[in-house]
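Data first, discussion second: the structure below is written as structure tokens.
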Amino acid sequence: MRLAHLELTDHRNLAHAVLDPDPHLTVLCGPNGQGKTNLLEAVWLLTGGKSFRGSRDAELIRRGCAFSVVEGVFESGGSEKTIRLTVGSKGSQRPGRTAKLNGADQGRAAALAGNFQAVVFEPDLLALVKGGPEGRRRFLDAALCQIYRPYLVALRRYMRLVAQKNALLKSYDITPNAGLLLDAYNEQLAGYGGQIMAHRQRFTDALAPAAAANYGEISHGAEAFTLRYLCCAEAPTGQALAEKLAAVRGSELRAGFCLAGPHREDLDLQLDGQPARVYGSQGQQRSCVLAMKLAEATVAGELFGEHPVLLLDDVLSELDDDRQTYLLTRMGEHQTIVTTCDTAAFARTNGKIVYVKGGQASETPFA
Ligand SMILES: Nc1ncnc2c1ncn2[C@@H]1O[C@H](COP(=O)(O)OP(=O)(O)O)[C@@H](O)[C@H]1O
Ligand SMILES: [Mg+2]
């Protein structure tokens, strides 16, 4: 997977910008608040995923404009492909994110999943180890949505059913035929939930050994990192989830909301048999994140057949020398785009430098 060309119109603070990334390393540099992360975000949007900044679609459009356009040309499977992503503001003719692939309409941007693949590292990722389960589920879901379109479909339907079932559980006593309705929801939840669980299991089975190996390399074997999928049922199947839902039925009626299912699952992260969240030092936790994200890229590459583009937002400055060197070495193997305020860290590499200032990008320094 290689991004060859990117052109932006009215994306965030970038009125018009062109980027021709290096096949290996591109360094977006400039002071704070100039548009480096915005440029990286635009590359990410080509995956069809929502912004890694967690912002709403409308925020992607440059203030005062009706549309933003991100167009990327990339090489995949030996051929060149073009993605054109348009974000329309609320009152515009075509609100939301819509996409074209090689000129053909794809409808919603999410339909792009499985074409352009990227993995993002950003400073907030420490939450993957330190934070609650929802961050780890988001990690799994973001990776799987990119690899399998059907996963995204199953996840959306599942989450909608959870909301509907929660509403039912809240007004159970005053809803006619509530019991039958609950049976119907549970049956559908088991179907979509089972698909989600099977994919999560398969993905983490591949991820765990890769993450453990990466951690070993980063820490020179100082301690062992293990990653395990904590499935909500006896097995990652629709049948097992159906049994689980039947078992918690009474408790759910008392609680008034859904108590079991993939929307409450987690990953168990351990260092030498202790929870990494509690026992890991800040440095060890950073190593866990680095090991997991690089493993994600490797596994996505194996499942998809091509290694994703690595997008690194301001992460290098947070790592110590050893970890920086490790990351820089691993980066060398695949196309990588990084942002930094401090070009010194990249003096050791021969990456292409792109200067970003006031919403403009240039291969020559600004005066
Ligand atoms: N929709 C938007 N329209 C115009 N400017 C925006 C929009 N969204 C964000 N910005 C601006 O982009 C700038 C931040 O850019 P960013 O890429 O995060 O900077 P950095 O170079 O530090 O990574 C801020 O000045 C912010 O006000
Ligand atoms: Mg930034």
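Every residue, even glycine, has its Cβ placed from backbone N, Cα and C.
Remember, predicted model here, so these are calculated numbers, not experimental data.
According to TrEMBL, the feature ATP binding site maps to Gly30, Pro31, Asn32, Gly33, Gln34, Gly35, Lys36, Thr37. Non-local contacts of Lys36 (ATP binding site) by the CB criterion (under 8 A, 6+ apart in sequence, same chain) comprise Leu28, Cys29, Gly30, Asp313, Thr339, Thr340, Val356.
Marked as domain 'RecF/RecN/SMC N-terminal' by TrEMBL: 3-349.
Long-range Cβ neighbours of Gln34 (ATP binding site) (same chain, at least 6 residues apart, Cβ-Cβ under 8 Å): Asn13, Val356, Lys357, Gly358, Gly359. Other Cβ atoms within 10 Å of the Cβ of Gly35 (ATP binding site) number 25 in total over all chains. Note on the binding-site residues Asn32, Thr37: the fewest other CB atoms within 10 A surround the CB of Asn32.
Summed and averaged per residue, pLDDT over the domain 'RecF/RecN/SMC N-terminal' (3-349) gives 93.
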